[in-house]
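Summarising the annotation, TrEMBL assigns domain 'SUEL-type lectin' to 37-122, 131-216, 225-306, 326-400, 409-494, 503-589, 598-684, 693-778. Per TrEMBL, signal peptide is recorded for 1-26.
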């Protein structure tokens with residue numbers, strides 16, 4: 001860093017130094033270097049590595065008194081002492097000063113003089129200085145650094161000196177913004193301290209510019225913001241934030257933690273910024289917690305930017321001893337790890353000589369198939385590839401749709417393709433029988449490829465939950481006889497309860513769920529020129545009617561079926577003169593399932609139909625849940641673990657309940673992030689009672705007032721599965737369970753059954769046993785009344 005304040009008042013001639021001048025090595029005291037040299041001698045100043053001479057605390061050529069670092073000016077002092085030292089030393093890591101009247105001027109002729117100097121060493125990436133009005137302040141960052149955030153700027157009458165400036169009585173409030181506009185992102189910058197550049201905050205007064213800025217890695221986005229404001233970080237065009245290497249809410253200074261720092265700092269900033277080109281973080285104790293009540297706090301953060309990756313890829317890095325977090329977007333999972341290196345990799349593409357051979361296998365084991373994973377960068381996990389060297393963990397991951405399944409098998413084998421139990425195979429995006437290359441899901445077709453592969457796999461699989469396909473030339477034909485072949489397939493799954501379609505302008509969209517279900521949500525609807533095929537429709541921004549999904553939801557949600565007129569009268573005309581279509585998808589929900597999602601600060605209300613109560617909470621998440629009713633999904637990066645237990649306590653057994661979405665009801669899983677509350681519950685008739693009791697507890701059943709137990713629909717002591725309304729037997733079951741419960745409960749208004757081995761038989765002694773019961777209550781039929789024949793009169 002070089003800082004040269006100069007103007008019409010400073011003109012120095014630096015002579016050649018005498019070869020035999022006495023040399024005085026600088027002393028050091030708490031970041032301050034200096035010393036004293038007699039006339040003709042030299043004071044040699046040198047800061048430690050990574051620091052530069054930043055601020056002249058004392059300089060006097062004449063008769064200064066005292067010892068380093070507590071010097072004082074004497075009766076004889078050269079007025080140019082400070083200016084000479086600043087001109088020769090500030091911004092350098094080291095410099096030499098000759099105690100000579102030809103350099104400083106002669107303040108007391110014919111007297112023996114000496115030079116005493118004390119200069120503060122500062123971080124080489126912190127630069128700045130002062131310049132009088134109409135003078136130039138020149139900023140120079142170290143090699144491979146550019147000017148970043150402006151930590152202090154005041155054109156007016158700033159007080160103090162470099163590193164310790166304060167605003168004076170006259171200050172141009174836009175000074176920092178002006179400097180940032182002129183200099184941010186540059187290796188060097190010259191600023192004229194003039195009213196032409198900054199404006200005139202106090203006409204008629206002598207003004208000067210006081211400035212302190214940080215030099216940063218050109219691939220970093222960093223900044224500092226005061227309590228109650230917001231911190232904005234932005235990467236250069238075409239880049240996004242890959243990691244946060246510093247964050248502190250408290251009393252940080254120059255990107256070093258102070259004595260007060262919130263432990264949540266890095267996590268909050270990373271959640272808001274990683275993966276984004278620009279981010280905004282609210283600064284306050286409500287976001288980070290309060291690490292030091294009563295103290296004025298700031299947030300400083302620095303994120304590393306990387307060029308935007310090919311869509312579908314994410315990168316992350318972390319230092320030794322820390323953790324590296326890899327997270328895909330909603331609806332995606334980690335399908336491949338193209339690169340992983342624990343050691344000293346050169347970026348996110350190539351390992352170095354210091355590279356743990358286990359890197360890829362360890363990361364794959366922890367991450368493949370997950371939306372998010374955390375990998376500790378430790379020798380204990382990877383081994384130590386280069387003892388004594390500071391290491392890092394770098395990861396590049398591929399994110400793919402969570403609905404994709406597939407793989408490869410060699411010729412003569414069978415490839416089994418299976419969706420989760422609640423999904424079906426809807427399409428075959430890729431299939432090749434021949435010599436495809438690459439790994440799932442990045443297969444590439446080569447010259448040897450059976451042309452009918454995709455259609456044959458489609459016929460065998462689409463519409464089913466799972467299918468098996470033989471890799472055999474008898475089924476596909478032989479595209480290259482004598483060559484070893486394989487079958488590679490990528491298939492797409494879709495939820496069984498997702499329906500959809502595409503209807504041209506002027507037609508009618510008939511949205512109909514199966515019997516016993518209703519339209520629960522509209523994940524997608526676009527009227528205009530959308531593209532894609534079910535279920536992967538996409539909006540065409542150039543022609544898309546606003547609010548199509550909301551309009552259809554208003555008309556259809558809650559009904560078993562509905563018909564929507566596809567016309568400009570319904571949706572408006574987003575592109576006059578063009579042929580338009582309506583593409584839509586809807587989710588069907590069982591008639592006994594209810595649910596809702598509300599934003600933070602709102603109330604979520606669940607209400608069963610008359611004569612029903614909530615038997616089970618199917619889903620509850622306060623955080624950033626994904627999905628659409630009835631298939632909400634938990635976002636593991638932001639989910640309050642207490643969500644289900646709180647919702648169960650508030651709602652189960654009741655016909656209606658209300659929960660406030662907010663940290664007052666739930667713990668805050670991700671401070672500073674906009675959250676919502678999603679709920680889903682089963683409703684069941686008031687006349688259906690039951691539940692589950694753990695071994696050695698008691699199950700109590702009670703019918704509604706005036707009703708008695710009419711039937712025992714399910715009973716199992718063992719390891720039953722499911723929930724009230726959908727219990728199922730397992731291999732571990734006492735076959736006498738139904739008879740025992742019938743004897744205890746039939747015809748009664750209520751009963752109690754002990755879930756214990758003394759009442760039931762334990763057929764699997766090593767298991768924790770449970771008793772599950774479902775019973776139906778009924779109102780007793782009134783006894784018949786004899787009718788008397790009237791007596792004739």
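In case you wondered, yes, glycine gets a Cβ from its N, Cα and C as well.
The structure displayed is predicted, hence computed values, not measured ones.
When each of the listed stretches 225-306, 326-400, 503-589, 598-684 is scored by C-beta pairs under 8 angstroms to the domain 'SUEL-type lectin' (409-494), 326-400 comes out highest. Across all of the domain 'SUEL-type lectin' (409-494), the predicted model scores a mean pLDDT of 92. The domain 'SUEL-type lectin' (326-400) is in contact with the domain 'SUEL-type lectin' (598-684), judged by 3+ CB-CB distances under 8 Å for residue pairs 6 or more apart in sequence.
Pairs of Cβ atoms less than 8 Å apart link the domain 'SUEL-type lectin' (131-216) most often to 37-122, out of 37-122, 225-306, 503-589, 598-684, 693-778. The DSSP breakdown of the domain 'SUEL-type lectin' (409-494) into helical (H, G, I), extended (E, B) and coil residues amounts to 13 helix, 36 strand, 37 coil.
Ranked by Cβ pairs under 8 Å to the domain 'SUEL-type lectin' (598-684), the stretches 225-306, 503-589, 693-778 are led by 225-306. For the domain 'SUEL-type lectin' (598-684), residue counts in helix, strand and coil come to 9 helix, 40 strand, 38 coil, using DSSP. Using DSSP to sort the residues of the domain 'SUEL-type lectin' (225-306) gives these counts of helix, strand and coil: 13 helix, 36 strand, 33 coil.
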